[in-house]
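A.B. asks: Attaching a single structure in structure tokens format; questions to follow.
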Amino acid sequence: MKIKVLLAALLIWNLCTSSFGFNNASANNTIRIGLKRRTLDIHSIKAARIYAKHHHKDLNMNLGALRDEIVYVKNYMDVQYFAEIGIGSPPQHFAVVFDTASSNLWVPSSKCIFSIACYLRSKYRSRLSTTYTKIGNPSKIPFGTRSVRGLFSQDNVKVGSSVINQQVFTEVTREGFFTFLSARYDGVLGLGFQDVAAERVTPVWYNMLLQRIVTQPIFSLWLNRDPKSRLGGEILFGGVDSTHFRGQHTYVPVAQNGYWEIEIGDVVIGNNSTGLCKGGCPAIVDTGTSFLAGPTTILTQINHAIGAEGFVSKECKTVFSNYGNMIWENLVSGLQPERICHRIGICTHNGTFDVSHVEEKMVARSSKLEKLPNDESGLCSFCEMTVFWMQVELRKETTKEKTFEYVNQLCEKLPDPQGKSYINCDVFSLPHITITIGNKPFPLSPDQYVIRVEDNHDTRCLSGFTALDVHPRRPLWVLGDVFLRAYHTVFDFGNLQLGFAESA
């Protein structure tokens, strides 16, 4: 509703004379921002984390009636792309991440005196700006497992050659030691929707439209795949550069106004369907993370297929060893897969989501379960993954012996959500990983999903996929730079849709 009101206001605004102090629109009403790129290193990769939490409006309702809200945050340690903006008059310069998965603008403040990280980067000094307006209300922005805190202020913001008048932003007064010491940027400029902005402040992108700095309600992103080029990529506000893509864009609707979220379909490894997202999975398009994140169930299959390192899970192997035959027999007999783990006594829910499955530690009730080295909610997850893996192989008419061998191997390749998976840098024999969007395949070749990082003057290779488990019935994906380097992306704010075409 807020977006419709904004677009209606823009239409009226175009018929009226601008009431702002000056018109900053360029000749073609676009703003072109060149992105700088930094090379990832082992330190930043190991420290990189993404998180997502589910907030339940009514804990007593089943999945069919449950209203869920995904709160998606990260710590930006793995960020590769940033650009310079100016705040104040005259402009004070800051390197910021242009982040489509957040909505606030924040930079360090001169008032940040108790955080060591603030002393290592540019700080906003309100007393030096002739256009500063004090607000002073407290601001808290989620950041990894914690948050950055500060005060809301208002000042002119220069993006490219254009100026956004009196933009509300956060002067960060407490940054925290845990991330910012090694960050090579100062702050973040969010390009998400107002719904997820702290205190619902008007984002920079909204004000670009309201102040007629751009007239077309779209922006587009191109990330340069040439690692030797000085230009890391471009964001074009108000238009699309046809030299940055091949063919036509495939457009899909935005599912959630809070994020640039779409629905993806099946994920295919080589020529083999993984099956989990055939009925659709939500995916957030995120310029502020380097990886492509997805549920452990599929990430484990990808790890196995591309030879990436994983960790051996004793819990997974124990559940499979104790219950593998029972799971197989139930699948062959035609029992609904989502009911199997309940029937054999591992899961407390029976085909419908039970909040206690995720949030409570239950006491094991059978002698077998009492011997297992984990709480029931964790065991239930391993059981459901085992059921899913067996079901996929059964559909391919794989023999029981081969299926059991495969599942046992998967239990030894689980991706570590707290780390990254190393991989052989010889990528030529690896399979393509394909994501279905708008019923169209979007393949990623090995050289696109293998990330090369610096390690003591040497280069090591990592899988571009990382695990993210949010909800047992609603797997979330995050399409970060691994995907966005391969596909030029149009963020169509006016029609609430996203478009993807092969990058040029």
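Every residue, even glycine, has its Cβ placed from backbone N, Cα and C.
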A.B. asks: Which one, CYS411, CYS461, is listed by TrEMBL as the other cysteine in the disulfide with CYS425?
C.D. replies: CYS461
A.B. asks: With the disulphide bonds as TrEMBL has them, who is the partner of CYS118, out of CYS16, CYS112?
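C.D. replies: Record-based pairing for CYS118: CYS112.
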A.B. asks: What's the CA to CA span in angstrom from CYS112 (disulfide bond) over to CYS461 (disulfide bond)?
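C.D. replies: One finds 38 Å between the Cα atoms of these residues.
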A.B. asks: Going by a 10 angstroms cut-off between Cβ atoms, which of the disulfide-bonded residues CYS112, CYS118, CYS461 has the sparsest surroundings?
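C.D. replies: Output over disulfide-bonded residues CYS112, CYS118, CYS461: least Cβ neighbours within 10 Å is CYS461.
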A.B. asks: What count of other C-beta atoms do you get within 10 angstroms of the C-beta of CYS425 (disulfide bond), across all chains shown?
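C.D. replies: By my count, 11.
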A.B. asks: Cα of CYS425 (disulfide bond) to Cα of CYS118 (disulfide bond): how many Å, rounded?
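C.D. replies: CYS425 (disulfide bond) to CYS118 (disulfide bond), Cα-Cα distance: 37 Å.
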A.B. asks: What is the three-state DSSP composition of the domain 'Saposin B-type' (376-417), stated as helix, strand and coil residue counts?
C.D. replies: 31 helix, 1 strand, 10 coil
